[in-house]
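Before any comments, here is the structure.
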Amino acid sequence: MQRQAPPVFASVARRPAVVISSSATRLSPIHPRSKGTKYDLVLSSGFLAFANHCGFLQAVDDVGLPVNGIMGTSAGALIGSLYAAGWSPRDIVAEFAKLTPIQRLSYHDRPWEGMLSMEKLIGELESLLPRSFADLKRDFACAVVCANGQHVLLDRGQLAAAVSASAAIPMIFRPVTLPDRHDGPFIDGGIRCRIGLDLWRQHRYGGDSDAHPAVVHLIGRSSPFSGNDSTAGLANQNAVVVQSPKSGVTFWSYGDYEHQFEAARQRALPVLLALLDTEGEGNSSAGANNGANNAVPAGTAGSSSLTAAGRQAASAAGSNSI
């Protein structure tokens, strides 16, 4: 794949970005909705937080949450694309655990463009993913930053390279050029915004927050240079957020990925089950507190309002090993 010399991205992180705040303490309401409502899933950036995102998605599968579409940024784009292709969360974790992150990368011969190249990762993803977005089993988009600093969604064209571009952290990775786009090369969308819910809704629904409620999985910030990850605006966004701490993963080790997976799953379960329990009620709300290690549905005491059947199903799912 041909690459262009990257433009200067120094000003990108300082540009204002639309989205949501990490200091919010208010719980986020989901608008009243009918039984069987489908939810959009938004997977944030988070340095190599693959196991955390997979644990969250396992909880989605465990409770049978109806999914409409998936939007991901950086690590969220990598995991979200595989999930949209039909991979199970446990299989994704098992696949990523076969190699350390650094084994999926190569050192670049022009380090001023980025110390590492994603060519090996792109090749691997091409073997794991369909060729294009159109071939996915679920609607999916990933966030990137263009050469001119604009924060945009990619939802068509070659999939593996687009997903890799969404994770191309400046200075660490060489920017990625996409053959079917002329506004590149592209870098990590998390430089502008780590979540991207507003971008997704503007792109998909013209900004209408009532189109589909969203569940956001937000990973703790790993770098002070990352983009906006504020959740303050979620009260008006028909969305609920589940937060997980930063992964602590390095290029040389995933650490205790099984613990990360299960901890993220347990954080998400009560929130997702509460969403399903309140469907069809005229005054429904569910949310997550803003602690980095916990999530509590609004209007409930922990998981006390969860249905017995839901608790039993979630417990049974938890007995499966990765």
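Backbone N, Cα and C define each Cβ position, glycine as well.
Annotated features, as they stand in TrEMBL:
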ACT_SITE  SER74  active site, nucleophile
ACT_SITE  ASP188  active site, proton acceptor
DOMAIN    41-201  domain 'PNPLA'
REGION    299-322  region 'Disordered'
MOTIF     72-76  motif 'GXSXG'
Can you give me the Cα-Cα distance between the residue listed as 'active site, proton acceptor' and SER74 (active site, nucleophile) in Å, rounded to a whole number?
6
Integer mean pLDDT for the domain 'PNPLA' (41-201):
89
Taking the Cβ of ASP188 (active site, proton acceptor) as the centre, count every other Cβ atom within 10 Å, in any protein chain shown.
29
Please give me the CB contact count at 10 A for the residue listed as 'active site, nucleophile', counting all chains in the structure.
31
